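K.L.:
Below you will find the structure I want to go over with you.
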């Protein structure tokens, strides 16, 4: 167990040494007699070296075959690709492996060094030489003589000499044949324990010497190669008298050991054989079998009579450590006795170690030329030390002298790499004679030494060194071109051309400088300007004339000293400042910026105002201009003066700039809306209108100018359903999406117009009423709703939502209609009674009336306004017009969605002459059809409610009132297509002039699940005169 552990540890250590040394092994197989330039292998691929990128190596990868000087290698290797090819040298297995037993494989070994040093590895390549059938088997002699007794029994066996074939395996001897045997003899083939084929002659018939004493035949031997090779020999059999006893060896196998230094004549062994016969038949003859090698026959002598084996020539264990001697003992008969003698040659320390130097760097005249710049671990040669002795006598150590920059590094067993151990210096030592010593472990030890010469090649390994590590200097600007600035110098430790130095400017040097390549004088070839460049930092190079040249550099820092050669510079030649007339005294008008490219006192600038009254002051350092006056744009719109800038140089320089201060007005005008003219106008939008269609355009103007007059429009309120959008620049209001049924009704948009004034912008707002419906059939109600809701928050559209079911809605509508019919009947009755009692008064009033009458709401009372009755007209005149003003209110106290909003509309009932005299009425407009009445005029009123103009003499187009059913969810408010709504003011209290055609009044009906106020408007016709009656609200459930 300890032996196995020790062997394992030794194998591991050996593997580690081989791995760390960069050693590898690779096996290939080649056939003998292979022609030249046959590809055997590819080391680059087989060793996975293709993964190493070439760009990471200092030099390209190289493969170098390492072999002993004078040897002719059987293979060659392409140095750049690592491909292995055969050479013209003959590959003869029988010659390469002579003396090796036929059952042992034959190898040929070479070493390959992989360069450069950063990837160095030593590869041992072992080529297994495959045998080919290039040798024919041969008998020891061409004529074989054998004697057979005449009384030999049938099937008696007699051994024949075996043929020898240098080839091995199937290419060796495989079979024997007997030719022309005459059926007397046969041939049998047996195999020895060593694997040799032995021919045996067999007697097949009785022999009679008196009848025939000699038989001549041919024996043929064949191998198993392809193509098969063979040879023949003549077999001559002699029939002899009876010899019935065969010799017998006392020992058939004998093993002896003898030292290799035994002298010639030393006895090896004594063979003993006996024969029971007497006389000549008992005389024994000893001889070597033809299977014994020629080497053994040369080294040993066998006494044919005594059987004593002695040493004939000196033995050499290193040449052959053992010999097999097959000895035959014959009494003249056909069957000799056999004995095998195995002679083991023991080792003695009789061989000195040998040193084999295989150069990796090819020598020149026996000397290796090595650059002094060779890096550490540069491989020079592969040293192989061998000792033919065995065991301790064959263990060899190799070493060199200690005080040299080289060392031996072990790679394989008994192989070392000679490499550099430290940096080389040609200036200190130019050449080395390295003594390699090899010593074995025998007693006494034997030594061998060999010399290896290395000569160093001088290299340009010293770069120039500047005497200064950094060069700093100062030069005044505006210098004369060509002025000498400084001189740089460097030294080079090399000699000869390697020590000659030339100077040059680095690539970063500006064109303002030049350098003498021989003297190193630095000059300024151009005038320097500190304002363009204050400092220069560049490099100066020193280069020697070596191959390749070496360079070094030093940094030069040059500072340009300032001169007062620049005047102060304003950022602008002329400054224009705009200040509001409201700027306070000593406020900031603006800032004057000035600079001076010079440095220090030459750039210290002082500012002042030239030839100007004390209107303005300027800070001499910061350049801030402040007024000492209050501005009045109406008195003076601008001020102009000059500002002077003067530097602090010894001879000062100055410059000036023009300053203009413009007094500008402030943003003090709000935008004014032109379209819509007031908050009471509205626009019809058809439900079929397509999205992105313009439905209305808002127009506003601003009396300011510039940015103060640029306006931006936006919707800031209303538009609860997000149905409309406005273009912020043009004011176009467009429909965002297609209208649905729930969108029908009046939509209120709060539109804002804001200017872009600075610093604070101003704005105005207007209400835009958009009525979504198919037509306008009840303009009066629309205007009433617009006026009543003018003061309500613009958050909800004028609509009444109903969440009741359709069945309950129809029931409520039916109830409301019935209630309305009853109310109409009662109203007709009341009107008839009133007419009867007031007919005289109405006739008198009709007589004194003009073509039109006016009713104006009382500004102080939002309740009902009563007009006093007029006198009756003549009997046959048209019936008098009765006007009553009824206050109509819609109050939703229970609806949480209404936010408590209420709508109130006051209409005149009685006209008073006193009231009529308070206003100056204009004539009726002529922009409408002749048969259409002018119901209102454009005028401004202080009342928040509009005034109405009613012409009693306008005939009605129909004598029947018209009731239009509206959708349950919305309250419709519309204008007739022939009506025109306009206003002269956009404020919340402007009066809307609307022309109301009296052809129809719609009766809007709103039905809810809870009690609500029902509004009914009817038109009555009596005696061809129109009487408009507004009836009070009815409470419907």
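Glycine is no exception: its Cβ is also placed from the backbone N, Cα and C atoms.
Annotations in TrEMBL come from automatic prediction, not curation.
Relevant sequence annotations retrieved from TrEMBL are reproduced here:
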{"type": "SIGNAL", "residues": "1-23", "note": "signal peptide"}
{"type": "DOMAIN", "residues": "53-139", "note": "domain 'Cadherin'"}
{"type": "DOMAIN", "residues": "140-249", "note": "domain 'Cadherin'"}
{"type": "DOMAIN", "residues": "250-355", "note": "domain 'Cadherin'"}
{"type": "DOMAIN", "residues": "362-466", "note": "domain 'Cadherin'"}
{"type": "DOMAIN", "residues": "467-570", "note": "domain 'Cadherin'"}
{"type": "DOMAIN", "residues": "571-673", "note": "domain 'Cadherin'"}
{"type": "DOMAIN", "residues": "685-795", "note": "domain 'Cadherin'"}
{"type": "TRANSMEM", "residues": "813-834", "note": "transmembrane segment"}
K.L.:
Give the one range among 250-355, 362-466, 467-570, 685-795 whose Cβ atoms make the most pairs under 8 Å with those of the domain 'Cadherin' (53-139).
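P.N.:
Between the stretches 250-355, 362-466, 467-570, 685-795, 362-466 has the largest tally.
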K.L.:
Where DSSP helix means H, G or I and strand means E or B, what are the helix, strand and coil counts for the domain 'Cadherin' (250-355)?
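P.N.:
Per-class counts: 10 helix, 45 strand, 51 coil.
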K.L.:
Limited to the domain 'Cadherin' (685-795), I'd like the whole-number average of pLDDT.
P.N.:
86
K.L.:
May I have the DSSP-based helix, strand and coil counts for the residues of the domain 'Cadherin' (685-795)?
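P.N.:
Helix/strand/coil tally for the domain 'Cadherin' (685-795): 17 helix, 44 strand, 50 coil.
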